[in-house]
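S.K.: Got these off TrEMBL a minute ago, pasting:
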type: ACT_SITE; residues: Lys25; note: active site
type: ACT_SITE; residues: Asp157; note: active site
type: BINDING; residues: Pro115, Ala116, Ala117, Ala118, Gly119, Leu120, Ala121, Gly122, Gly123, Ser124, Ala125; note: ATP binding site
type: DOMAIN; residues: 87-165; note: domain 'GHMP kinase N-terminal'
type: DOMAIN; residues: 227-299; note: domain 'GHMP kinase C-terminal'
Amino acid sequence: MSWSSSGGPGRIAGDGAVVARAPAKINVHLAVGPLRPDGFHELRTVYLAVSLFDTVTVRPGNGLALSVTGEGTTGTGPDAVPTDHRNLVWRAAELLAQRAGVALDATITIDKSIPAAAGLAGGSADAAAALVALDALWGTHATRGELAALAAQLGSDVPFSLHGGIALGSGRGEQLSPVLARRRWDWVLGIAGEGLSTPSVYAELDRLRDDGRVPDGGVLASPEPVIAALRSGPVSALAAALANDLQPPAVSLRPALRRALRAATDAGAPAAIVSGSGPTVAALADDEDGAVRLAAELAGMGVYRTVRAVHGPVPGARLVG
Ligand code: C5P
């Protein structure tokens, strides 16, 4: 790949900062196939980008420096956010600089609202926002397709964080086809105090399958019912179509999730599922007012560390300002 970096910097504010943000996601359908030889599982998933955003600010610098503020700065388990090469943003910067042939010079701040290790693709959102912001800072002028190719190398969910909206994901999740839906969907996210590691949830699924405790994944459930429901509703159709093969292993590793899921439907949510590999509970709401009421009710129950009323679809990683 040879990109022109001769155009100089892109959209840069007075102090040299470039800001981008990217959304969290919910998987409204997540069918997981058997373990592949490459260590990933074949997926059929329907991603929905929702209105909880991380912001990435990049400034000119000498070498690479990374800092994190907001959610995830106090975690000590899988939800601790590293500030070195283990952070996907660091790897995104290295990959873009290498492909574009520019020096790896940037001072990067990640301001997190999306909790880490929550099943909301927070790390992927950060990487997608970093690609967009650094492309502007460095003037690398990558096309959206070129950024998508880099995103796919960084992680299974990063292409969707770049894309946003609603998309059908296949392969390990990185191959996307857009899904168009005009209506808005309201949700409440019930966020747990402690994260879950994605690889351990997939490994638990493999164990449950080996023991014959859940179906083997040889036949992937069709995403069509959920896609049809997303397009035209009603809420009851989407409620009935929600499905996540990672829910049983997430509940197996974190039994408290059973109660967290029940709390949402007890509070009046038409349906609730574990988001991705969890442990966030995504509770569907009837509409915007319903989500506000549901959020208030769930906040009062004390089952979650925090709750957030969100809606989707929303756009993927974009420059801000
Ligand atoms: O692609 P990503 O880095 O997000 O994946 C993290 C881990 O989740 C992988 O190392 C793998 O253990 C698991 N995974 C999987 N199948 C997928 C996606 C992720 O087994 N399709």
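The backbone N, Cα and C atoms fix where each Cβ goes, glycine too.
Curation plays no part in TrEMBL annotations; they are all automatic predictions.
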S.K.: Around the ATP site recorded as Pro115, Ala116, Ala117, Ala118, Gly119, Leu120, Ala121, Gly122, Gly123, Ser124, Ala125, what other same-chain residues have a C-beta within 8 angstroms of the site's C-beta center?
M.R.: Ala24, Ile114
S.K.: Using C-alpha atoms only, work out the spacing between Lys25 (active site) and Gly119 (ATP binding site) and round it to an integer in Å.
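M.R.: Per the Cα atoms, Lys25 (active site) and Gly119 (ATP binding site) stand 8 Å apart.
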S.K.: Test of understanding: give the count of other CB atoms lying within 10 angstroms of the CB of Gly119 (ATP binding site).
M.R.: 30
S.K.: Quick check on the domain 'GHMP kinase C-terminal' (227-299): DSSP residue counts for helix, strand, coil, in that order please.
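M.R.: Residue counts for the domain 'GHMP kinase C-terminal' (227-299) by secondary structure: 43 helix, 10 strand, 20 coil.
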S.K.: Should Pro115 (ATP binding site) be counted as helix, strand, or coil on the basis of DSSP?
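M.R.: The residue in question, Pro115 (ATP binding site), is coil (DSSP, three-state).
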S.K.: When the domain 'GHMP kinase N-terminal' (87-165) is classified with DSSP, how many of its residues are helical, how many are strand and how many are coil?
M.R.: 47 helix, 8 strand, 24 coil
S.K.: Just to verify a number: CA distance, Ala117 (ATP binding site) to Asp157 (active site), in angstrom, no decimals.
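M.R.: Cα-Cα distance, Ala117 (ATP binding site) to Asp157 (active site): 13 Å.
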S.K.: So how many other Cβ atoms are close to Ala125 (ATP binding site), meaning within 10 Å of its Cβ?
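M.R.: Around the Cβ of Ala125 (ATP binding site), 34 other Cβ atoms lie within 10 Å.
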S.K.: Take the domain 'GHMP kinase C-terminal' (227-299) and average the pLDDT across it for me.
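M.R.: Across the residues of the domain 'GHMP kinase C-terminal' (227-299) the model's pLDDT averages 97 on the 0 to 100 scale.
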S.K.: Which whole-number value in Å describes the distance between the Cα atoms of Asp157 (active site) and Gly123 (ATP binding site)?
M.R.: 9
S.K.: Indicate the candidate from Ala117, Ala121 with the smallest number of other Cβ atoms within 10 Å of its Cβ, considering only these binding-site residues.
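M.R.: Taking Ala117, Ala121 as the binding-site residues, the minimal 10 Å Cβ count falls on Ala117.
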